[in-house]
Each structure stands twice: as C-alpha cells, then as structure tokens.
Amino acid sequence: MRLSLFAALIAVPLLLVAPFYFYSVTLMTILCFVVFACSFNLLLGYSGLLCFGHAMFFGGAAYITGHLLKTTPLSLELAILCGGIFSGLLGLVIGMLAIRRQGIQFAMITLAFSQFVYFIFLQSSFTGGEDGMQAIPRNALFGLFDVSDNSVFYYVVLAVTLVCVFVYYRIVHSPYGEVLKAVRDNQPRVESLGFDPERVKLLAFVLSATMAGIAGGMKATVYQFATLTDASWPISAEVILMTLLGGLGTLTGPIFGAGIIIMLNDYLAGFGEWALISQGVILLVVIVFFRRGFVGELDALARYLRGRRAATATIDANKPVQTV
Amino acid sequence: MFDGISTQLLLGQVLIGLINGSFYAMLSMGLVIIFGMMHVINFTHGAQYMLGAFCAWLLLNYLGIGYWPSLVLAPFAVALFGIFLERVLLRPLAGLDHLYSLLATYAVALIVEGLVRIQYGSTGLPYDNPIPGGVNLGFMFMPYYRLWVVAFSVVTCVGTWLLIDHTKLGAYLRAANENPQIVQTFGINVPKLMTLTYGFGVGLAGLCGVLAAPIYQVSPSMGSSLMIVVFAVVVIGGMGSIIGAVATGYMLGIVEGLTKVFYPEAASVVIFLFMTVALYLRPQGIFSGREAN
C-alpha cells in the first residue's frame, strides 16, 4: 500500500526526534502499549476473538523478563524474547481450552483464566506478591551496549516496536491473515474450503499472546519493575478500549488508540477516579456513536469523499452526452 | 474425620462456603436469565449488586428506613436503573455483535463504580446486622443472619426456577428465547418482555447486595471483586441453564470453603482450577444438556 509507506516515511523521522520534545518514559510507555494493542487487534479485529484477559500475557511476560534479568546474566533482548515465548506457551495452553467455546463464552473463559494466572502470580514467591518485582536491571543490549540511560533506551524500544508492528502488518497481509479474516466473517465456509478454523484461531491466539508478552517484557525493562497491576483485569480492559477507540480491524487504529489513552491517563493521573470514569465514558461514546473507531471513521470519511468525487466525475462525463 | 483436621473446622467452613455459594448462585442466576433472554453478558451485574447494598445503606442513613423495607425498596430501585439502561443503551445495541453490549455494560460499571467511589471513598461502610444473635450448632456458633441468608437465597432460587419453568410467563420467556418472531406474532410484546427480564435479573443483583450488606462491608469494589468468580460459575454451569448456574454456585461455594480447610493458599484459585477441568471434560458446561450454544 503506497499510502502506508508514505505514512511510515513521515512517522519514522518524527519518532526519531520525539524524545527531544517529550518525556521519554511516557513515549516508551506509549510504544509498549502500541505493541500490546496491535497484538490485541490481531485477535479481536482480525480473528473476531475477544480475549478478556490479555493482561495475563502482558503481566506474565513482565515477570518472566524481570526475573531473568535479575537472576541471570542474560542480555536484554533475549530476556524480552523469553518473556514473549513464555506468553506464547501460556497462550497455547489456554487457547487450546478456550477456543472450544465461541463468542462471549470465549471472552468469559479468558477472563477467568487471567484471574487464575493473577492469583498464581500473587502467591508465587518470585514475583514479590503485592509489592511487585523491584529493581529490574537493564542488562547490556546484545551483551555489549549500555542502555541504562532512558534517552538511549528509547531507541531500543522504538526499534522493537517497529519490528513488532511490521510483523503484525505482515501477518495481517499474508495469505494466513486472509484466512483469519475469513474465519472471522464466515467460519463454516472456511471449514468447507478445507481449513481447520480452530487451528487457524489457535495460531492467532498464540501469535497475539507472544506479541503481548514482548510488550510486557519491554514495559518491565522500561520501568525497571513489574507489578500485579500489569497482570490485572483493568489492563485487559484498557487494551480493549485502546483497540476499539483506534478502530477495530484497522492497521493503524491500535497505534492511535494506545497513544490517546496513555496520554489521557497521564493527564488525568492526578484526578484519581476520574481517569477510570473518563475511560468508561469514552468507551460508551465509541460504542454508541463511533463503532468504527478513530481510524475507521477517518477511513470511512475518506472513502465517502473519494466516492463523491468519483460520482461527480461520472456525472461530468455524462454531461456532454446530455447537452448534445 | 481426617488427620489433623477437626470436624468442627470442616463443618464450619462448609457452612461459610454455603453462604458465599448463596451469593454466587443468586448472582449467576440473574446473569444466566439475562443472557438466556437477551444474549447480553451483563458486566454491570457486579456494580448493580453494589448499588443494591449502597441503596440499603443510603436508605438507612439518610431516611432511617431499616433493613426489612430496604429488602424490597433497594432491589426495586436497582431494577428501575436496569430498565432505564436497557431502554437507552442495550436496546439500540441489540442487533449488533454481542461484544458491543458486553463492553457497554462494562463501561457503565466503570462509571457507576467510579462515581460511588468519589462520593463515598473506597473504604467499606458498616451496616448493622438486623438479626443479631445466633445459635450454637455444637460444632460452631452460627449467626442467625447467615442462616437467614442461606434460607432466603434457596427460596429465591427455587422460586425463580418455578417461575420460569412452571408458569405461563415463564413459558412466554422460553418461547421468546427460542423464536422471538413467532412469539411476537402471537401478540406478545417481546421487547417489553426483554426489558422486564433485564429489570428482573438486575433486581436480583440488587437484592443480593442488600443481603450482603450486613455480612460484608458496603464498599464500591464489593461487586467487581465478586463478578469474575460469578462469571467462572456461569461458564462451568453452562451458559443457558438456570439450574446449572444455581447448583454450580452452591457447589463452588462449598468447594471453596473446603479448600480453605485443606490448603488455604489455593482457596482463591480453586474455582478457576475447577473451571479448567470442567472445560476440558465438558466444554459445553457441566449442566447444559439441551442447550447447544
């Protein structure tokens, strides 16, 4: 798509200079949640699977990454990768059980499993329970480069994010991605074409879990701590909100959604409860009035304008015929 | 009975589990009724349960209206709130993917819980026990109020089941669930039936809240912490069956209580462990025979 290439050409230089103008930790938080929201959109937007407990992959990987960095000399990128792999395996186990039920039931099963995982993290000794896991070191990148400085680390996070978004883009635009969308739209038909929809969905679930894990591992290294909050239910809800606000099943939607919600949270942090209430209000407004989300509505608007221009063009073309 | 574990402790925990189970059963029954009729997973259920408790507290503290009138007034107020929600929010979303109604009810829960927290703080407010005293059962001291809760919830559950399985209104409900168009052509107002169903389910949640107020503290988060367990109960019982929801509710309450005796650390996960096994063995839910959803 030429347009997305054009957008990428504008976005990348902006992202490169961003830390000179904005607080780098906020930017890194946004990037982590961009990856997380993309992973969620792969599931809900492109496969029609509503996972209501995505935080278990995010928070779980944060703990695993943190634990590895604290207890082993493993380099940073490998630790994050291990976090992702852990989440992928967790996704495989839970997916195998949950994919047997569909729709809302799937959502509730994933919610219950995430609570299960939450309690396990609460009671295991390595996570630090209610106190969380503190002082996670940022081991040298590739065992060579020191990334303890936030303004340097930003570029590492940015690189990982770009790779993840690119992978997400490739998945969605691959033949497999097409099958995934077909399963979402008409599962019996896909089945009649000789695909096994359960396996297609399970793969999507595992891929999404892995990506959410990488996001979580990254967040643990950004903040240098991992807490129960990362694995808790409000985070699962927040990522739903980001995806829905940005636009379900759109490529760039989750990116905008994550940016808007993180900045809003940042802005409303001092107002306590109002942050949650505003999230509820935004969710309601999006559901009732803008179900296509931010990017989806813009897309529809652009298509509408293009359609009108095309329509007037055909009328113009007809004009001479009518006058003659 | 068992090595190192006294019968006293065991029976005591079974009774406590039965009380928790009473709440699980009543709440999941409301959820299943709403889901069966409208195909809406009511994420506001927890907030509505909390509102029931808060209504009772407000009635007592501002108007001096005690527990017994509250037992009728508070669920009624919560049901009215539910009917309002159904009319302005859920009905316009009815034709869409169920995901939207689910998220809309979740959004309402966030707003309601947040507003209550801003007004009354996050700490629990006490509510006086309307039936003080208790009876010595020999193995434990049983407060009368807890006995009342168990008895009341059993009566409510059986009553609701009879209403839906053995009355004309219940027959309409079940028929409208199977085929709304045909029921509509028989001159029955299906949308009104749905509104009433939602109001009824929500009222049950409110009633639960009033019952819970003297046992647990009245706090904004009392609903959300309970809801995930109740969702697990509904999943295990099978989404369509009222009997399944009620039986699973009591059963899991007791299982949870027993776990506290044998292995306290696992008490909070045992329900989810149970769910995993149930999903593996019977993915459609352990009580769903005729329901194929």
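These residue numbers are counts, starting from 1, taken along the chain as shown.
Placement of Cβ uses the backbone N, Cα and C atoms for every residue, glycine included.
Listed features, source TrEMBL:
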TRANSMEM  A:6-36  transmembrane segment
TRANSMEM  A:43-66  transmembrane segment
TRANSMEM  A:78-99  transmembrane segment
TRANSMEM  A:106-126  transmembrane segment
TRANSMEM  A:152-171  transmembrane segment
TRANSMEM  A:202-220  transmembrane segment
TRANSMEM  A:240-264  transmembrane segment
TRANSMEM  A:271-290  transmembrane segment
Selection from A:78-99, A:106-126, A:152-171, A:271-290, the stretch that has most Cβ pairs under 8 A to the transmembrane segment (A:43-66) = A:106-126
Task = Sort out the residues at least 6 away from either end of the transmembrane segment (A:152-171), same chain, that have Cβ-Cβ distances under 8 Å to it, and list them.
result = 4, 12, 15-16, 18-19, 24, 27-28, 31-32, 34-35, 38-39, 42, 76-77, 80, 138, 141, 146, 177, 207, 211, 214-215, 218, 221-222, 251, 255
Message = Contact between the transmembrane segment (A:202-220) and the transmembrane segment (A:6-36) is defined here as three or more C-beta pairs under 8 Å separated by at least 6 residues; is that satisfied?
response = yes
Task = Could you give the residue numbers and ranges of same-chain residues that sit at least 6 residues beyond the transmembrane segment (A:240-264) on either side and whose C-beta is under 8 angstroms from one of its C-beta atoms?
result = 4, 7, 26, 29-30, 33-34, 36-38, 40-41, 44-46, 50, 52, 54, 165, 169, 172, 275, 278-279, 282-283, 286-287, 291-297, 299
Query = Given the transmembrane segment (A:202-220), which of the listed stretches A:78-99, A:106-126, A:271-290 has the most Cβ pairs that are under 8 Å apart from it?
reply = A:78-99
